[in-house]
Amino acid sequence: MGKDFRYYFQHPWSRMIVAYLVIFFNFLIFAEDPVSHSQTEANVIVVGNCFSFVTNKYPRGVGWRILKVLLWLLAILTGLIAGKFLFHQRLFGQLLRLKMFREDHGSWMTMFFSTILFLFIFSHIYNTILLMDGNMGAYIITDYMGIRNESFMKLAAVGTWMGDFVTAWMVTDMMLQDKPYPDWGKSARAFWKKGNVRITLFWTVLFTLTSVVVLVITTDWISWDKLNRGFLPSDEVSRAFLASFILVFDLLIVMQDWEFPHFMGDVDVNLPGLHTPHMQFKIPFFQKIFKEEYRIHITGKWFNYGIIFLVLILDLNMWKNQIFYKPHEYGQYIGPGQKIYTVKDSESLKDLNRTKLSWEWRSNHTNPRTNKTYVEGDMFLHSRFIGASLDVKCLAFVPSLIAFVWFGFFIWFFGRFLKNEPRMENQDKTYTRMKRKSPSEHSKDMGITRENTQASVEDPLNDPSLVCIRSDFNEIVYKSSHLTSENLSSQLNESTSATEADQDPTTSKSTPTN
């Protein structure tokens, strides 16, 4: 590889710096964000509707409860089906011809986001039914989640930590296992590949650091405002730019992948803490309905980037909070020096009266419960609110907008199949597609036995790198370089009710695959 822009952009050091900076930036914005201390009810666009639809605001009547449960179950089922066949196969596969969504790749992530979309749609259908009744206004589904902003932001911080840590670890794991940069980190790679070093380190570091992170975040054991003592306090503009750069870094992690934007290379990314690059879950009860064996198959790469896009949702919500932040909407007010104060008095938060949510009123009135001024019971933050206009704050989205445009540009021009290009599974990998037959079906096959079974070798799809072996019992597609007499013999001697072929990296027919 020549030392051009791509060489340095995708260099191991560049990738690891970006991956670990995202972790630091997410902790920093959580600490600086005044919304993290707000006692008001959390609201998240779209996701809040889905959460409220499934978890709370259930009417008292049994019939209404059953109706609500049936609707969100139907929404989930519709989302899964539409995500698989409409969005993944039709839109991404056939219409847009995206290589990264070839075959069944990326289907579970598509189905997840499709499910969120249909939960949002069905929540509005449910609201329409409630409005038709006329007396159910209290149960209308909105983007308010029924939990405090403080609690939600703590959950989001733990979630982003888990997602960012797994992502950073997978990037590190890939850098230390693969060899596009053979002269980089030779000693570290030698240590990393010894025995179970990478497995042991992952689980040890994950358990230890996650325990510390959860303890610090949930118990407020460490107060950021007491720790930094107002050193370089942030305002809504700087926080908006920080949130924007977090979005940029999330996209950079994907764009720095050596196989971006097609993800069709021969690099298998091992799942963190495991020896395998993919996970498979057998669904045995489907065998009674279908004649084939179905498995859920998730590859390490889609496991990694699926997590990134989940974290991206939380980061987008963080950016939204900074752009449209108004102190009184979050039970906060501005004191001397443009510092933010958080109201913790539940009585003052009932109606969010702007008169009571002010420095003048709270510093001159006494709380009868404590016999102290209201200000003394409020939380002081070093974060500032300078009242910047929306136009200025929206400038922070420019870096993210540029990143999204470049992301889409590379996918559109370099990550799509040509109209006449065959869209087949990655030819660099061996795979197996086995058609199972029940014993009753075999008994009807005119006395076919192992002794008189015939096998034929064909050239599938006119591709010399693959060899297709057909017999009366199964169909196997091998990479030609992997085919040996032992492989052929073991497959033909396998029982029809046995598990899938034993060749690495062969897999049974899987639907869907990520």
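From the backbone N, Cα and C atoms, a Cβ is placed for every residue, glycine too.
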Exercise. Answer with yes or no whether Swiss-Prot records Val46 and Trp221 within the same membrane-side topological domain.
Key: yes
Quiz prompt | Among Asn371, Asn493, residue with annotation N-linked glycosylation site (source: Swiss-Prot) | solution = Asn371
Quiz item: To which residue among Asn353, Asn487 does Swiss-Prot attach the annotation N-linked glycosylation site?
Solution: Asn353
Practice problem: With DSSP as the reference, give the number of residues of the topological domain 'Cytoplasmic' (176-198) in helix, strand and coil. | Solution: 11 helix, 0 strand, 12 coil
Quiz item: With the transmembrane segment (395-415) as the reference, which stretch in 66-86, 111-131, 240-260 has the largest tally of C-beta pairs below 8 Å?
Solution: 240-260
Quiz item: With the transmembrane segment (111-131) as the reference, which stretch in 16-36, 66-86, 155-175, 199-219, 240-260 has the largest tally of C-beta pairs below 8 Å?
Solution: 66-86
Quiz item: Per 10 Å Cβ neighbour count, which of the glycosylation sites Asn353, Asn371 ranks highest?
Solution: Asn353
Self-check item: Positions whose Cβ lies under 8 angstroms from the topological domain 'Extracellular' (132-154), at least six residues beyond its ends
Solution: 30, 33, 35-49, 51-53, 55-59, 64, 123-124, 126, 217-218, 330
Quiz item: At the Cα level, what's the spacing in Å between Asn371 (N-linked glycosylation site) and Asn353 (N-linked glycosylation site), rounded?
Solution: 21
